[in-house]
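Notes follow the structure.
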Amino acid sequence: MDLSELERDNTGRCRLSSPVPAVCLKEPCVLGVDEAGRGPVLGPMVYAICYCPLSRLADLEALKVADSKTLTENERERLFAKMEEDGDFVGWALDILSPNLISTSMLGRVKYNLNSMSHDTAAGLIQHAMDQNVKVTQVFVDTVGMPETYQARLQQRFPGIEVTVKAKADSLFPVVSAASIIAKVARDQAVKNWQFVESLQGLDSDYGSGYPNDPKTKAWLRKHVDPVFGFPQFVRFSWSTAQAILEKEAESVTWEDSAAEEDPEGPGRITSYFSQGPQACRPQVSHKYFQERGLETATSL
């Protein structure tokens, strides 16, 4: 799989797709959606679709595709190579979301959580296939969150398509199994060949599974945290594991707004402004604009 586009710029998102088989432009097709790397604190999350004509679904099943988590890396790569050889009836596309994109989205002023990101990415890939004139008539999706809600959302967006969302869909439907293999092969390759934009001394590539509860991954995070700049962009700094290490190992920063929010005095209850007690005599704090410029209210001239 050629991920050179991602290797040139791994700070955002990258979409790749196979050529569309001619038969998929003419015959009704089934499409599967799955992801790899949703939970790890390291590396990208990859969403993939795989599609083929309904008339050739038995040929896809004959490849003996299975849930990627039950296969070894060599088995996944062998099956992906077979799907590439069968490009006359099998097509695919994938979206690679970088750790940097995931974290900045989750921690932005307007929060964009991982579930919403996942739903939108899956829908975007289905739309991508349709924009390429693939005759999609059935879609099978491995669920994120409540399957009923997710299915209703996709069905509303794609009213002309029969949508099925199930837990463990990657072990129930071969076309979803194929998508899971494609996603996992792409993520494994992306992680293995990750281009660090930071100049890191003594970079250790042995970071374990990348999952938050892996001791080797935690050790790697502690080793490569900078006390001022934090983690390299390979790390999803929005994950609680990374945040806990930052709080312990990095320099603390107090922002003015944070200090104001943590003020124990606070504004208090609204009824306190109408009381005659000592709190009613609390001096009013002027706006930050006036404090920064040393401006005070003049009571006399």
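For all residues, glycine too, the Cβ spot is worked out from N, Cα and C.
Feature list (source: Swiss-Prot):
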BINDING   D34, E35, D142  divalent metal cation binding site
DOMAIN    28-251  domain 'RNase H type-2'
MOD_RES   M1  N-acetylmethionine
MOD_RES   T217  phosphothreonine
MOD_RES   S258  phosphoserine
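Between the CA atoms of D142 (divalent metal cation binding site) and M1 (N-acetylmethionine) there is a gap of 23 Å, rounded to the nearest whole number. D34 (divalent metal cation binding site) and the residue listed as 'phosphothreonine' are 25 Å apart (CA-CA, integer value). When secondary structure is read from DSSP and collapsed to three states, the residue listed as 'phosphothreonine' falls in the helix class.
For the pair D34 (divalent metal cation binding site) and M1 (N-acetylmethionine), the Cα-Cα distance reads 18 Å.
On its own chain, M1 (N-acetylmethionine) has L16, F80, V185, A186, Q189 as residues at least 6 apart in sequence with a Cβ closer than 8 Å to its own Cβ. Taking the centroid of the Cβ atoms of D34, E35, D142 as the divalent metal cation site, the other same-chain residues with Cβ within 8 Å of it are V33, A36, Y47, A48, A122, V141, V144, A169, D170, V176, A179, S180, A183. The domain 'RNase H type-2' (28-251) scores a mean pLDDT of 93 in the predicted structure.
For T217 (phosphothreonine), the Cβ neighbour count at a 10 Å cut-off comes to 21, with all displayed protein chains included. Cβ neighbours of E35 (divalent metal cation binding site) (same chain, under 8 Å, six or more residues apart in sequence): M45, V46, Y47, A48, S118, T121, A122, D142, V144, S180, A183. The Cβ of D142 (divalent metal cation binding site) has 26 neighbouring Cβ atoms from other residues within 10 Å, across all protein chains displayed.
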